[in-house]
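Below you'll find the structure, written out as structure tokens, and then a few comments.
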């Protein structure tokens, strides 16, 4: 008995911003969807550009393939095919053909429509660059080898959009690479540069003809017929070409030293140059690993000599430089390179947060931009993980970033056979509620500002309406009273903003009924010990001034939150939409630097503009993908 067809579809060529909810709205119009998963990077959680859509009914999958294939999703034509869980079909290459010299106007749909006449097409794709432009070649994968053979015979050498195309069997990259290596070892074409412009074609032929039978020799010339200083020579045999390279390379001709080597394609040369550049960069990195320091928060008047003088007590310095713009103005950061890692480590320990002028220095080991970006993405991923754990603890489960699951309605039993992509059929993920229209999940704590952990609740647990009853804790203990209520029928507490002190009765008024008057020693707010003045409270509408002493009296998390609130209030007037993101970026700095920003308007403006530039650059890159 044959198994029923899979109800799982692969959806590719997706915009990185496409989510499971967007795909559900599109694919659920065809028929009931069981689950959707957008595949994402494990660390950054960015979309990889493809997804799997699982239908409850294989017939709905067929209709979706027919009606939605190559339809636009956020401005991009999606590519839909049946999910192939068995990689053997892809790896064997059976039925897979290669087409080159395609007109740039031919896209995936046009290629599919052209080749669908010869058999059932499993997948079809035109290769594109990072800007979405066609590279002039593509692939078509047929269900059978016979259909592929028919397509090759019918289309190879034919005109598509007035361009003669080549169609042949697809050759794997490994096989192509082995053939290229073989061709390299048996080359007959020679490239010659640094040729004297006065050399004629006959002289050029005569120079290289002494090493064997030359089939062609040409000096490249411009439109006016002037020599461009290089040319090509092709021999009948590899031995003749090899002898010419060995004899004439680095030899002098007409007062010029010739460069003679095996002719290479442009892509091959670029690949070799890229590899040599990467190797040189890695060698440079390993040379300065652990000895090169990055210093920021420098005063404008600090130059290279003063920077060197501040760090010289810690060891021998090989270089010290303050980075400047094109006008010669300091950018506020620089680099100091020591001769040994021990000296650099000692300098970091002693100089980090040291006051030079009116600013505390930030000193750390210098890192490449890619490494810093990876660390930042890793921190973001860890924060997201913490949020998921907090959401799970509040009863939401662990499926915040997981695949969306939609329970089958009545009359739609699960399909048999291979099951659905990404999940085992017997242990299918339990259903979970859909998101409401505003995106907030019932019962889930509100995320904290600027990407931080959710704020500490002041009165009432997050997710419960004020005054609503809440389930009691384990063990049968009575639940705490809601805001506005008092235990045991006591007088309710007056309403007010979270954390605000309770309203006091006017002088001379009798105490509230049911609450005995007790004389207690005055207790300062904010947990300050007796005898110590509490932090000053700002008048409404004013941002209170923060000091290092005030921050030192609270926990590190509370200190960051206090700084974040003050910075946010400074930014929100000028950047209402991006204030949260900018604040989150600034909170990566040390507390001493953040206090300096709050005290210095110019420094705050500079840092905000710097953060805006980073956000706009990231947005521009995201839109160009």
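Heads up, the Cβ atoms here are built off N, Cα and C, so glycines get one too.
As given in TrEMBL:
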- 7-85: domain 'RRM' (DOMAIN)
- 95-172: domain 'RRM' (DOMAIN)
- 188-265: domain 'RRM' (DOMAIN)
- 291-368: domain 'RRM' (DOMAIN)
- 420-540: region 'Disordered' (REGION)
- 444-457: compositional bias 'Pro residues' (COMPBIAS)
- 458-467: compositional bias 'Low complexity' (COMPBIAS)
- 468-482: compositional bias 'Pro residues' (COMPBIAS)
- 483-493: compositional bias 'Low complexity' (COMPBIAS)
- 494-509: compositional bias 'Pro residues' (COMPBIAS)
- 510-540: compositional bias 'Low complexity' (COMPBIAS)
- 543-620: domain 'PABC' (DOMAIN)
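Secondary structure counts, DSSP: the domain 'PABC' (543-620) has 58 helix, 0 strand, 20 coil.
Looking at 95-172, 188-265, 291-368, 543-620, the range that has the most CB pairs within less than 8 A of the domain 'RRM' (7-85) turns out to be 95-172.
Confidence annotation: the domain 'RRM' (188-265) carries a mean pLDDT of 90 in the model. Helix, strand and coil counts from DSSP across the domain 'RRM' (291-368) read 22 helix, 30 strand, 26 coil.
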